[in-house]
């Protein structure tokens with residue numbers, strides 16, 4: 001198909017297959033460009049692309065702005081039709097000094113790039129030559145236009161308000177599945193195509209979750225734990241919990257908890273359990289003489305993978321009295337995939353930046369663990385690679401870092417959260433987490 005004009009011609013012919021296409025021309029209208037860019041800075045480049053290439057696909061971009069200088073040249077230059085109304089400062093004109101002659105008290109009067117004066121029509125069909133009652137008049141006009149057809153334009157697909165874990169994962173693979181399948185964990189749905197998003201814990205062992213209070217951190221951890229247990233038998237995975245607020249009750253069935261030291265709700269209990277855990281995991285470290293195939297098969301030890309589920313890391317650090325509570329495990333994190341260790345950590349966003357510098361959470365962060373950034377203030381996690389901002393509960397931005405700590409843009413910026421029972425529905429879970437790496441088992 002050579003052009004959009006040819007597409008429109010073929011679409012008008014009922015005998016052509018393209019006539020079944022439900023989509024017509026699309027108009028993207030942004031009223032108030034400065035506010036749009038301030039709220040959605042990451043979308044500016046997308047609007048630029050639509051303005052540059054959209055007409056070839058029947059996409060039209062309409063932007064309003066109080067000043068020409070608010071529109072960067074890379075966007076402004078792609079807008080073919082420009083109309084200038086009376087500006088707050090007439091010296092800001094981008095057309096001609098003649099725009100100073102636009103009356104200040106005549107809404108709708110403007111000038112085109114051809115330097116011709118024009119008068120815009122009021123958006124009303126009732127024959128009233130006034131802007132009074134315009135809101136009601138627009139509503140009447142829209143309803144009148146809609147009454148002339150029974151067809152509706154296809155709605156823009158957006159993330160639902162709620163999604164349940166059983167909807168994402170109605171038939172989870174069981175313990176008989178291979179390792180890679182069992183550790184591909186559903187965590188939500190992608191904003192881009194509304195398909196399930198997965199955390200590939202066979203490649204990136206850990207998940208870090210940062211967010212403000214009531215942003216959904218604990219519920220996300222709860223849902224991920226449930227999904228892991230649904231895929232793995234007690235012989236394949238066991239959990240240890242650091243849960244000072246008892247927010248993870250019922251997250252893990254008793255059958256999947258460690259026989260001893262499984263639930264820790266104070267610093268003394270956690271300290272003893274972590275020391276015992278580190279001692280046992282130390283025995284799983286690979287001998288120096290293993291071959292590459294033996295490393296891939298992880299054949300030098302047998303047993304279950306261990307998930308350390310830590311809720312409110314900032315609270316655990318604060319209660320430790322200055323002694324790092326997870327220090328015995330820190331040296332083992334680089335070998336986590338070899339020894340079957342996974343950590344899932346939630347932390348207050350205001351402590352996020354500091355925690356990524358410590359020897360526990362920081363080691364997981366630096367190793368390229370998927371990091372979910374929920375709602376927070378942009379000053380909580382300063383970065384030139386992404387922006388933390390206030391979001392609805394459990395919506396988040398997913399950062400997947402490589403081992404070299406370079407930033408890889410996420411495939412989605414928003415994600416909905418899930419639980420595992422309909423009566424406990426919560427809003428949203430994380431974004432698509434895409435992991436690099438090859439299957440090792």
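Yeah, the Cβs are placed from backbone N, Cα and C, and that goes for glycine too.
Per TrEMBL, the feature domain 'FtsK' maps to 194-380.
Non-local contacts of residue 217 (ATP binding site) by the CB criterion (under 8 A, 6+ apart in sequence, same chain) comprise 209, 210, 211, 311, 312, 346, 347, 374. If you look up TrEMBL, you'll see 211, 212, 213, 214, 215, 216, 217, 218 marked as ATP binding site.
Residues or ranges marked as region 'Disordered' by TrEMBL: 394-421.
Taken from TrEMBL, the feature compositional bias 'Polar residues' covers 404-416.
Annotation note: residue 211 (ATP binding site) sits in a strand segment as assigned by DSSP.
Remark: of the binding-site residues 214, 215, 216, the most isolated position is 214 (fewest other Cβ atoms within 10 Å of its Cβ).
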